[in-house]
Ligand SMILES: [Zn+2]
């Protein structure tokens, strides 16, 4: 009988059929273990908008924690980094305590991106001010901090969702979309189109891996237009902004004496932002992201729509407290094949 069964299996190209007969918790789901950092690590720097000097400390955390911020200047008030805790996306991504919007933390996207890039699923982030340090306007320092701290494998699997049907949000000619993908991770394609010819049309595509994140995106800086910065200054914002923490564009030139780090640094930074914003779904994503002229607002709208449309995705593994209580979602559908 076994011989017949094996023979019939050999005709099938579906790995899920194998899984149905030889169930193994990791075999058919392509799940990854969850990670945290190995040792605490800290840094400090200026907040872009407040101009305040901010201290940041990253601490290892057990499975099931997620990305948890704590405002040490506000009695360690916790703020879980999650799409539905986002209260503002106009200048940066801002999250707050669900029951107290005064307890907030701004400009989380570059650190969130470095965490997603390094596959850190669980961490406690202590911060003594209302926004994260902007550092050089990229995620390079955060990426470096995470690698210095080291990565620790947890006795759990990473929470992962798989996109089953396309979900799209639009605003004028901008859009952001998540589609099913055969790639067993997150891949991204992003395009931008600015009237300033120094930026113009740029397009970039990538599969998200720690290696690609470091090599292709981590040191790409945020950018702003000189006239916008002047207006922000008049409003008392961007107090910490300087040529040390952003690319500044005026007319068709770059004001930074050292110029660009890459010709297409602009679109790559937008992708860096998108990775940080998408990680607020609080799970890893198996799917393909496509964005055109998208930013923090569309990225957050996309996650809200995705989570509401439960038929368009499913968990292939859920966040758990320990290895003993791993929740494996039966996965015998054709999509996995
Ligand atoms: Zn950014």
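One is the number of the first residue shown, and numbering goes on along the chain from there.
Glycine is no exception: its Cβ is also placed from the backbone N, Cα and C atoms.
Taken verbatim from TrEMBL:
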- 296: active site, proton donor (ACT_SITE)
- 110, 269, 273: Zn(2+) binding site (BINDING)
- 7-19: compositional bias 'Low complexity' (COMPBIAS)
- 1-23: region 'Disordered' (REGION)
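Neighbour density for residue 273 (Zn(2+) binding site): within 10 A of its CB lie 26 other CB atoms from the protein chains shown.
Counting every protein chain shown, the Cβ of residue 269 (Zn(2+) binding site) has 28 other Cβ atoms within 10 Å.
Residue pair residue 296 (active site, proton donor) / residue 269 (Zn(2+) binding site) shows a Cα separation of 12 Å. Within 10 Å of the Cβ of residue 110 (Zn(2+) binding site) there are 30 other Cβ atoms, across all protein chains. Taking the Cβ of residue 296 (active site, proton donor) as centre and 10 Å as the limit, one finds 20 other Cβ atoms among all the protein chains shown. Taking the mean position of the Cβ atoms of 110, 269, 273 as the Zn(2+) site, the remaining same-chain residues with a Cβ inside 8 Å of that point are 109, 113, 138, 139, 220, 222, 270, 271, 272, 276.
Under the three-state DSSP scheme, residue 110 (Zn(2+) binding site) falls in the helix class.
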